[in-house]
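What follows is a set of notes on a single structure, which appears directly below.
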Amino acid sequence: MQYDVVVIGSGPGGYVAAIRCGQLGLKTAIIEKYNTLGGTCLNVGCIPSKALLDSSEHYHNASKHFPEHGINLSNLKVDLKQMIKRKNGVVEQTTGGITFLMKKNKVTTYQGIGSFVDKNTIKITKEDGAAEEITTKHVIIATGSKPASLPFLKIDKKRIITSTEALNLTEVPKKLILIGGGVIGLELGSVYARLGAKVTVIEYLDSIIPTMDKGLGKELQKSLKGLGFEFLLSHKVTGASVKGKTVTVTAEDAKGAPVSVEGDYCLVAVGRTAYSEGLNLEAIGITLEERGKKIPVNEHLETPVAGIYAIGDVIKGAMLAHKAEEEGVYVAEQIAGQKPHINYNLIPGVVYTWPEVASVGATEEQLKTDGRKYKSGSFPFKASGRARASMDTEGFIKVLADADTDEILGVHMIGPRVADIIAEAVVAMEYRASAEDIARICHAHPTFTESLKEAALAATANRAIHI
Ligand code: FAD
């Protein structure tokens, strides 16, 4: 079979690239080694984690907040089996949707491991060893990532687990030890904390969600403490062992003193590593970057081999589904001869805890390091009528704008539904809006989004109305 484009990997990078190629009239194939399409994101990432976050949040609200709303329930209990079953249903529906989209866009799907024979020939090897070869003018590598670990930690997938197993537990942990205070760990830790687990986070750095604006990490930590989280920051994990149903994690505190924590499960969430095993990149002369084992690409996302592109988690940059999707569209349009563009400064980052956390653009720490003069305006959700009505008063929105031009440089938020509100900040920044622009746009009342307008008002001559 001769194709214009062969995409290897069907995560949000790969399947979106394939759809866009199909839309552009390119004869396209996609290869996926698993039985279902959708990659990490749809099968064991974004979608199942959000399904469990929503279910657990319902339980948490019913048990902790309903009485204050005047709703009294009796015999409230968690049916984890049903929760996981519903999650699996959501995953099935969503991955099935991708199969439909492949057909709709005339993309041929191959199941098996894709590997290079040469730059125009791809071998597809099925689980039973049967293989076939297809030829193509262009290849898009979208093979994603896998959970990272620590060299001395053995992940047994039963008691010492990764996010993949954490999405399929058969019981709520009594005490969950979380190694790593990043996004994935805190989201999954929240799920089980809401369902009754005691969660202890062991983090090497001195703050959680360390890549985001510092103010957000502090506020989230406060909120998660309220949920019963315990934090051991500036602690270096040195080992973990399992005896029966007990996991013991050892660490050193900032002064080097030994610390030991016991639990019934330990979730290792120390990031993800680019995945390119099995591609046989040697056959086409691609050498991985030393740092992070990423596939090297130029500004057009083309590897050192002409006609071979790479996108998503397997290349440099944020390991996020929407970043992978943007790159999928970019490469498809590039191949079709268009002149696409991605603004990497405006890729939002979101943490789906409750309160949610969302961020775009420069942090205060970055602006200080760069010596850029800026203004800052904040608005707390406790001053929002909408937030008080729904009892979601934790958090704030902060707008950072250039001190002279008023151009918005960064927007950082923690609070209710900020995962959605951040889109307004992204649009504004894409059009290089000033804080004054947002401050002068009419926002519906009462909504959570008014808090962004208020923060923008605060950033322009400190003129927020409701505080
Ligand atoms: P992937 O989604 O990893 O897909 C790669 C695919 O390639 C896989 O299906 C793999 O089987 C296949 N493959 C690999 N090698 C071969 C081969 N040789 N032949 C054939 N197929 C191959 N991101 C967000 O933006 N928002 C979130 O809320 C979010 N939540 C997350 C929650 C969890 C628990 C996890 C683990 C991740 C989360 N992420 C989230 C990250 C997100 O899942 C990834 O950034 C995204 O999936 C990357 O997309 P990708 O297309 O690069 O690769």
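Each residue, glycine too, has its Cβ placed from N, Cα and C.
Automated prediction, rather than curation, is the source of TrEMBL annotations.
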NAD(+) site partner of Gly180, Gly181, Gly182, Val183, Ile184, Gly185, Leu186, Glu187, Gly271 (as recorded in TrEMBL), chosen from Glu165, Glu203, Glu289: Glu203
Nearest of the recorded positions (Cys41, Gly182, Leu186) to Ala321 (FAD binding site), judged by Cα-Cα distance: Cys41
Inter-residue Cα distance where the pair is Cys41 (disulfide bond) and Lys50 (FAD binding site), in Å: 11
Spatial neighbours of Cys41 (disulfide bond) that are distant in sequence (at least 6 apart) but have CB under 8 A: Gly11, Pro12, Ile47, Ala321, Ala324
By Cα-Cα distance, the member of recorded positions Cys46, Thr143, Ser145, Met319, His445 nearest Ile184 (NAD(+) binding site): Cys46
Neighbouring C-beta atoms (10 Å sphere around the C-beta of Gly182 (NAD(+) binding site)): 21
Those recorded positions in Cys46, Gly180, Met319, His445 whose CB falls under 6 A of ligand 1, listed in sequence order: Cys46, Met319
